Structures are given as C-alpha cells and as structure tokens.
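Take a look at the structure below.
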C-alpha cells in the first residue's frame, strides 16, 4: 500500500486528502479530514451505459455512523437504520453541484458513497464531504468537469468568517454554503437573519474566492493520484434527423408554447410530438424513437429560450419581471389552530399550523449531539398537484429538501421559547404546482402562523427567479414556471422580509453566471418579494391577538426549584395524579419553571391551585384547615398542605384536660389548626385550641 496524501490549510483547519490505502477496489476512494472530522468517500461507475437509458443515473448516499462520535445507536437492533433528515439534506447538498459537471449524454451509472467515520462536534461534516467527493471524482477517471470547491460562510460582527465552528455559528447572522468550480458558482444554500442583498451577494463572492485553495489542491492531488480518464465520447447527433425534426415540429412547438394554461399546453405539445414521430416513422420505420424524443426535447428548449432572449412574452404571456396573479386567504379551516391558502398562478399551497407543548417538540439525536426543534415544517407534494397518479407515502428527498428550505425562510422570524412557550408544527400541502411550490410554502406558512396567533416578528414571502443566457445576452425571470425552471439555466429561490433575506438557494446549470447577473436577480427578487408581502398583509398583516379556542393554552408559573421533587412525588405519583385529575399537561424545568397546558381554562386554574398548595411554605401563626390522618397516644397528626403534616400534642387539643385523644378527634376529621412552630428539622407543631381562640377573637 502506497498512500498518496495532500494537506493544505483552509480557514481555521488543516484539510487532508488521502488515497491508496482504504477501499482500493472502488474506482476511487478518498479519506478526507478537516480537523478531527473524517469522511470516507468512494466512487464507482459502470464502464458501459445500460441499453435504452435516457437519463444519467447518479446516486449520492451520505451516511453518518454513530461510532464516529463514540456512540452506540439506540433502538432494539442497535444499528443505523434509514437515513435521517440531516443525512438526506447533506446528500442533496453534495448531489446538486456535482450533477451538472458530468458531460451531456453521459448515461453510465455512477454511485458516490460518503461515510462519516470520525466527527469533531465543532466541525460539521458537510463541507469536508463535498471536498472529499470532488477529490474522489477528480481521481476516478470518470468524465467530470471538476474540481469542485466548497465553503461555509458565517457573518459575525459585520465580518465574513470562513468555515465557522458550530459554536461560532450559534452567534452568526448567516449560515451559507457555496460550491463551485474555479470559474463559476454552481450552488448556494443559506439561512440568514434578514440580511441585506449586498451582504448576501458578498458572502457568495467571498466563499467562492476562498475555495480556490481547495480547487488548486484537488487539481494537484489529481495530478499525483488520478487514474486515466475513461475513453468516452459524447454521442453524435444525426444532422439530417435534426433538420427533419426542426422542419416538422418547430412551428408547432412555438404555437403550443403560446398556450397559457399548463394542461392545455402540455396536451398540444404532445400532439405536435406525436405527429412528428408519425411522419418520421412513415419515411423510416426503423428510426430510433428514443433519439427522436431527445431531439424533440432539445428543440423544445431552444424554442422557449429563443423567445425569451428575443424579448417576446413568456410562456404564460408575462413580462420578465411580472408576478402571476395572487390569491391569499387566511383562516380557511375551522378546527385547525391556524390555516391559509396561498395561490400564485397555477401553484397553490394549503398550509396549516398546529400548536403543542414542549413535549411535542422534535428531539434529534445525531452524531453532532442532541438538540430540540420547537419549530417543524413539513412539505408534501402529492401527485394530484400536477395532474398525475403516483405513490403516496413517506416523504421523498425532494419533499424533505423543500420543507427545509421553507423552514430556513421562516425560522429567523420565529419567537423564542420565552416569548411563546409552544411547539409549532406547520404542514404545507401542495395542492397545485407549476413552479416555485417551496416559495409558496414560505408565504403560506407566514400566513398560517399569523392566523394561529404565533407572534412572528414580521411577514415573510418567497420568490423563485430564473435565468436564460445565450452568449452575452441574458434575461432574469421573476416567479418562474415549472417549464422555465426545467428549460432555463438557473433556479434562484429567495425568501425574506421587507428588511432582508432569510433564505437563499441557488442552483446553476452553466458557467458564466457573473456577480452582475446575481445582483440583478437579487434586486429583481426584492421587488417581487415586496409586491407579494403587500398582498399578503391585506389578508392578515399581523398575528391574531389570541390563539385558537381549539389550541392548548400554556400558562407559565414559577416555583422554588427545591419544591420540584414535591410536585413530582415518589415515582411521579403526585404529578401523574395532577395531570390525570385535572386533564392538563404539566412540564417542569430545573429552574422552577412550570408550564401548564390545557384547552380548558378552569382545569388550568385547578392545576395551578394544587401546585401552589404543594409548593407553598408552612407559615408560623397561620390557621389552616387540616385533616386528621393519624391518632397516637400523645396527640394527632394533621395534614395541612399536600405533603405537609404536623403534630397536635394532646395538650393542644382543648383548654380542658384531655385523657383520651380519640374522645375528641377521629380519623379524616377536618379541623382548624394554628401553626405554632417549625423547627430546624422541618417538623411542624400545631394547636387546635389556639386556632379556636384566634377564631373566637376574630368573631368578636
């Protein structure tokens, strides 16, 4: 074994790339480290494409092993199971920038597996995973237009920070990941605290500049460890067939793309394509229809893009910066805690908000440690939303990714636990889709939260931008349709408030996207965002003054932390009885905070009364109504508060001489007693006769 190692300084850490020792039967394997966080990246590609395949089968699997953090998995089987949400999101983060770097026409199956084998709790594994993937693909020999660099950018005290630690991210106003080649940004994913457009653009440029050291190092690593590039050539097009298809279909496709209703447009496009195939088969029965489909797709793309570059109206008749018609409704469902229906053109989201207690929060145990998520946002994309049939079940990668993007857009305006002690779950059901459904989810979530009475700081809206670029000519499109996303060069999603950006996601399919183009897109997105916010605010401009009658109401009280054990009781008996008998949910915190949740106000009051009784201190000189719980020869024990008993000595039962306690008192008898003393050991001395004397005096 002859290891080849490349090390370089990157931000606050040393990055090391090593190959030649582990997983030597893979086409490429790189052990990549950043500090103590280490990942093993393997790449395997098939030398031949499967016959009849018309797509590129790239699979990226990212897996976190609990042994990397010195943990044993939970559950019955004590081993890792299905991918977590975090693993799914990081797999998508790696997939998105590498996919456009494989050549057009390359349809060989490629699988990338990233395994986290060691983790430093202060260094997240996503950036080193992207760097390791780039290095492994670079040395594999598989056709790949890399190397690719990656960087995380924070913004702390007005300064950009390269690859901030987990502790630094806690104080950062920005968490942005940018990936790209030496000459182009390909992918951006970020969450921000309503930062201005110029700060966001600056962070993208900063991250791309800083990652040049990674790209240079991987190029040097490839020169030393790279395998010969595969002998692969892109399939050639039949020029005569291209000309035939253009003659048969170009005019028809141009007319079809003037139809503004999506389903009608798709139907007409299908008619044109079917007629073209029929004509071609008539002249050549042995023609390859898969090749015809590919060439029709290329012509379709050329027709749509040409119209936009020439300044003609878009597919649905809009100008480049126009937003589709908006419809905004809040409070559309009677029994949910909050709801909204947001419609933008042919994209629609039905969004609901549900309030719960702290125990309803999501508990996440990952290799980076345990955390609690009080705000959850789930995105569902059923097949009927695009007029199709399909499987319905657990969320797919795309649904998880879109939900997380919408979550990032809203999280910056959510109230703290001290301001609003509820767990919040939002569900966005995409009921119609023609582009930008994740941004419709952002708008619908903002509305549903306000309808539920959640005191978010301000409204949030999202917009998806697109780009068509031919040579030096380009057009930035606002509020793109699904077709414009598919046929364009960029998908640029921006969510934010009037004051700034809260989430930014960008995927670019071509090189040559300049800072100028990104700046134009951000400024155009700002105008669109403000327009949408104005319409949203007409429906509901601020949160409801009160939460829904159907939502649990949480009342917060404070008790002496030393009394927590009294409220819990032996084996949890006291708190269990409290919750069962009052019908409330009670949560205790170590600092003495008690949260009582119930949709019944009287039940909450009863729970508070009983907790106050349990936790109250015995006051010397005060008269209590107690119950006799035990009789002994020298007196009786009386319960005056939950868990608080005292002794009435035989001499304190009556002014008269008492020979037998049972002649004056019986078990479960209610008596008024006065607290005479509480000694250092907490023992309580009571008197019945003193209580009677005091009551008599008060009566006079």
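Backbone N, Cα and C define each Cβ position, glycine as well.
Just so it is clear, the model here is predicted, and its values are computed rather than measured.
The Cβ of residue 491 (Mg(2+) binding site) has 464, 466, 480, 485, 505, 506, 507 as same-chain neighbours under 8 Å, each 6 or more residues away in sequence. Positions annotated as Mg(2+) binding site by Swiss-Prot: 485, 491.
If you look up Swiss-Prot, you'll see 552-611 marked as domain 'KH'.
According to DSSP, the secondary structure content of the domain 'S1 motif' (621-689) in residues is 8 helix, 36 strand, 25 coil. Positions annotated as domain 'S1 motif' by Swiss-Prot: 621-689.
Helix, strand and coil residue tallies for the domain 'KH' (552-611), in that order: 32 helix, 16 strand, 12 coil [DSSP]. The number of other CB atoms found within 10 A of the CB of residue 485 (Mg(2+) binding site), across every protein chain shown, is 17.
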